[in-house]
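Contents: one structure, followed by commentary.
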Amino acid sequence: MGRPLFYDIIEKPATSCIVTLCSVIWFVIQKKSIGYSQVGLSYETAIEGHYWRMITSALSHISVLHLVFNMSALWSLGVVEQLGHVGLGTAYYLHYTLVLVVFSGVLVIGIYHLLIARFKIDYFRRVTAVGYSCVVFGWMTILSVKQPSSKLNLFGLLSLPISFAPFESLIFTSIIVPQASFLGHLSGILVGYAISWGLIGGMNNYWAITMVGWIVVVFVFSLKKSGAYDFSFLEIESLTDASLPSVRFIGNGRTLQASAVPLSGVEVV
């Protein structure tokens, strides 16, 4: 008889919460017949200021197969939470999950920009990505560097050596699911290597809370500004200088406006 699931849930609290959250979001998407274009991230939506999509695209899945594959892999990768004795653990898992969500999203948009601006491949303007795969591939990569003897279990049936799992899974998903985002998965792998090699590091509770705060601010304001959701208590308008955004909180009459501070030694790219 196998180990009761209850014990795994207790030992993988963050993983359990993320799997539950993604599953609930999938259910809501199916119930309300929401399409990938409404929650996904593309180059065009990014340059239009829909920065909130970086979060919704990561947590959303349209097909049940996509959800099951990602959550099965994520559940196996949740072993990171049980490795506190080797410098990993739940806090490490949460800190760098934030990094993977944000940095892999920024990187994939950066790659799209390079392909569009430098190589004139306009196809990537409208490619829309959804799913938690960037983060899953990132954790595969981190674990392959830090714990190369580990195994990745998929669906409880397939077991892959974690040292080869990132690129095996990259090829496997590209063949089995042709519409899978190769560049999105590759972005997760690249950010995963950057984290595991120490190129991106120094995350602690302070920086994690700071990052969450900025994510919430950018999420809410970009959601409001793009017109995707109307926050009745918040109004964004321009006052003296049209280039400086101001924020008005409806009800108390207060208005905040950024000030123009001259910057020296800065190039606007």
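Just so it is clear, glycine is given a Cβ too, placed from its N, Cα and C backbone atoms.
No curator has checked TrEMBL annotations; they are predicted automatically.
The domain 'Peptidase S54 rhomboid' feature in TrEMBL is assigned to 49-200. Among the features that TrEMBL reports, transmembrane segment is placed at 50-73, 93-116, 123-142, 154-175, 182-200, 206-223.
Within the chain carrying the transmembrane segment (50-73), a Cβ under 8 angstroms from the stretch's Cβ atoms is held by residues 19, 21-23, 25-26, 29, 34-36, 39-42, 101-102, 105-106, 128-136, 140, 152-156, 169, 173, 177, 215, 218-220, 222-223, 226, 228, all 6 or more beyond its ends. Contact between the transmembrane segment (182-200) and the transmembrane segment (123-142) is present: at least three CB pairs lie under 8 Å, with pairs separated by 6 or more positions in sequence. Within the same chain, residues 18, 22, 36-37, 39-45, 57-62, 66, 70-71, 73-74, 77, 80, 96-97, 100-101, 104-105, 108, 112, 115-116, 152, 162, 165-166, 169-170, 173, 180-181, 184-189, 191-193, 195-196 sit at least 6 positions outside the transmembrane segment (123-142) and bring their C-beta atoms closer than 8 Å to a C-beta of that stretch.
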